[in-house]
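Participant: My structure is below; once you've seen it, I'll send some questions.
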Amino acid sequence: MSAAAGDEIKRVRVDMFTDGACSGNPGPGGWGTILRWGDTEKELWGGETPTTNNRMELMAVIRGLEALRRPVTVTIHTDSRYVHDGITGWIHGWKRNGWKTAAKKPVKNEDLWRRLDAALGTHDISWQWVRGHSGHVENERADELARRGTSEARQGKVDGQSSTIL
């Protein structure tokens, strides 16, 4: 598809709702993601054991972004201050400091932060923090998916619904 000079190619707008869960910390954990564009929704979930709640929060966003096959405009809704503050602020300093914190300590979950940074790729991203467990419908649904992922991780399953879209 080509665009006339000066015209912008319209990107599909996607809303992504994410959550992570962990039973124990560390322990079995799961992540859940809802992708919505137009009248279409896709649910993704999975889990790991052992893991932590922060790793699952990161995985929810990573797997949602990795499911997108082409550049889109995406608003990521997360109840994780760790993910929100990390990607909108802390990561810039970590990268400048060779993936060390301001206290010169290694960044926790560096592997996933690098993966998230790469997954942002060509997407036009905005971040929206939502209060968890406060009745936000999509956040509650993402939490249910994360709990499903935790349950399946206990049973030895890793991914529930995983695919590429758009």
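Backbone N, Cα and C atoms are what each Cβ position is placed from, and that goes for glycine too.
The following feature annotations were taken from Swiss-Prot:
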- 10-151: domain 'RNase H type-1' (DOMAIN)
- Asp19, Asp143: Mg(2+) 2 binding site (BINDING)
- Asp19, Glu57, Asp79: Mg(2+) 1 binding site (BINDING)
- 145-166: region 'Disordered' (REGION)
- 145-157: compositional bias 'Basic and acidic residues' (COMPBIAS)
Participant: Near the compositional bias 'Basic and acidic residues' (145-157), which residues from the same chain, at least 6 beyond its ends, have a CB less than 8 A from one of its CBs?
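Facilitator: Answer is 19-23, 28-34, 43-49, 51, 56, 60.
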Participant: Just to confirm: which same-chain residues, 6+ apart in sequence, have a Cβ under 8 Å from the Cβ of Asp143 (Mg(2+) 2 binding site)?
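Facilitator: Same-chain residues close to Asp143 (Mg(2+) 2 binding site) (Cβ under 8 Å, separated by 6 or more) are Asp19, Ala21, Gly32, Gly132, His133.
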Participant: Drop a 10 Å sphere on every Cβ of the binding-site residues Asp19, Glu57, Asp79 and tell me which sphere holds the fewest other Cβ atoms.
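Facilitator: Selected from the binding-site residues Asp19, Glu57, Asp79 on minimum Cβ neighbours within 10 Å: Asp79.
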Participant: An 8 Å radius from the center of the Asp19, Glu57, Asp79 Cβ atoms defines the neighbourhood of the Mg(2+) 1 site; name the other residues of that chain inside it, in order.
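Facilitator: Along the chain, the qualifying residues are Thr18, Gly20, Met56, Ala60, Thr78, Ser80, Val83, Gly132, Asn139, Ala142, Asp143, Ala146.
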Participant: Need one number: mean pLDDT over the domain 'RNase H type-1' (10-151).
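Facilitator: Overall, the domain 'RNase H type-1' (10-151) comes to a mean pLDDT of 96.
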Participant: Please classify the secondary structure at Asp79 (Mg(2+) 1 binding site) using three-state DSSP.
Facilitator: coil
Participant: Secondary structure at Glu57 (Mg(2+) 1 binding site) (DSSP, helix/strand/coil)?
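Facilitator: DSSP assigns Glu57 (Mg(2+) 1 binding site) to helix.
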